[in-house]
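To keep things clear, I will list the structure first and then write my remarks on it.
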């Protein structure tokens, strides 16, 4: 820190540093390439994209903002604005609940004393080892047989909550185990004397939770918010497996339906529309990442190693 | 502590505090666990039993057949091939991702200008949507107007129909997976590198160790816990890869790029063979749980610095 700027600048030119710059920048550019391609391809007109020979750097002869405009104002081809709205609502909803459940449950496990606390927490963590794959088909069956919903006479007869907004909403208030784990870990580093001092000053439980402890947990809360938001934003599994109607699709699941997976066999794949939707997913995610990357880097280190 | 309260009164106070804590804990946790049971607990438990039933088609009545599905699984080449492919593909992706990530982390640990920028651009693929970015790969791999084939043509080479070749399909699945995973691996390695006590490096320097000596005798031993952690979590993730298979090759040609989790999806949602999908899921779950438990035992015995292998916070349900 104390050394002069020119000295530290000169250090950048040892062979190992130059190698570092070259590799990190060069390979980094290769890693970014698919995204650069996507952003550039977004300027193509639909017809030009179909007829032109795609180059490594795709630069259209007649650039158009139509694809980008379609993301905000909607498009004739597809209900882009519906997908966008659904994605946004789901993301906001899941993020809100992830924050609330992780913080409250983290508080409970870090601060309250009750019988079986440690055992309960261990069981919770242990369930995280069970791969989510195991639950995909059973969840489908459960949603289809959901009691008294969607025309079900108790369990059968209708389609349950499949293909309804409940598919997205029902998981919200469920405990976010990873978030709880992170908040608990982080709260345990806050001295209990802080709570005790607040009690002496006459603060109630709610006040301790929200006015004293919460402000200290903002970095970890930011990490939970960002990862949940990105996870939900990019999630295609829930809509893809458990919904059907076009009104319920989100940006990622809308792509699956027009890509080679969902389109009818032999159909021409509408790549310009796919690119539009892809941009709609990727650009906001990248923006979120750039604004909050500090928290992501910190949080990743927290999930990896604990002191 | 240390107050003048008589011991009986303190004990009573502690008991009421404990009761009050228990009540608050119950009020907060009960609803959360109820919803967790609906969307996670019950389906998972259900998943453990599904494989023991013969159940084809949603409206079929499930029929208990014991281990029938599992016998079928191990006698049928389609399933054993998919399982085997999941394992070696997962191993390959893990090895490549971690090696490349480690190299990058060593470089990122140098005092370079703009290292924050490098960290960001390396990590960006991890935050993108699999659905969106696999579509870009598909544009690269298109037979007629794909970017790669256009480049080949401009060099006067024959275009390649990637979709006809299982080897190329696997190759691109691996490329995609490494592309997406390398930045995250680099960041975790980097956190590990930075957690090594700097005093040890000074001591090694006094003992005459150079750059490689320090790497060999200080860095690598210091990284052992995090190395095991990242290997296990990456492996658990990589043997369950299927989204890129679904969107890049869709299992083709002729099912030669099918991995086990893709097979589960196919059984469940194309053929509605719910029993077989359940049996395959259970086999995958057992493999993952065995790896996780072995690791947990090892890590609690040898070092307390590592956590149990929890998966990253996932959105969705």
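Every residue, even glycine, has its Cβ placed from backbone N, Cα and C.
What TrEMBL says about a protein is an automatic prediction, not a curated fact.
Bear in mind that the values here come from a model prediction, so they are computed numbers and not experimental data.
Features reported for this protein in TrEMBL:
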type     : residues  : note
TRANSMEM : A:21-44   : transmembrane segment
DOMAIN   : A:84-292  : domain 'ABC transmembrane type-1'
TRANSMEM : A:91-109  : transmembrane segment
TRANSMEM : A:121-141 : transmembrane segment
TRANSMEM : A:165-183 : transmembrane segment
TRANSMEM : A:212-233 : transmembrane segment
TRANSMEM : A:269-292 : transmembrane segment
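Just going by CB pairs under 8 A, the stretch in A:91-109, A:121-141, A:165-183, A:212-233 that sits most against the transmembrane segment (A:269-292) is A:212-233. As a quick check, the transmembrane segment (A:212-233) and the transmembrane segment (A:121-141) miss the bar of 3 or more Cβ pairs under 8 A, pairs 6 or more apart, so the two do not touch. Sequence-distant contacts of the transmembrane segment (A:21-44), counting only residues of its own chain at least 6 positions beyond either end whose CB sits under 8 Å from a CB of the stretch, comprise 12, 52, 57-60, 63-65, 67-68, 272, 275-276, 278-279, 282-283, 286.
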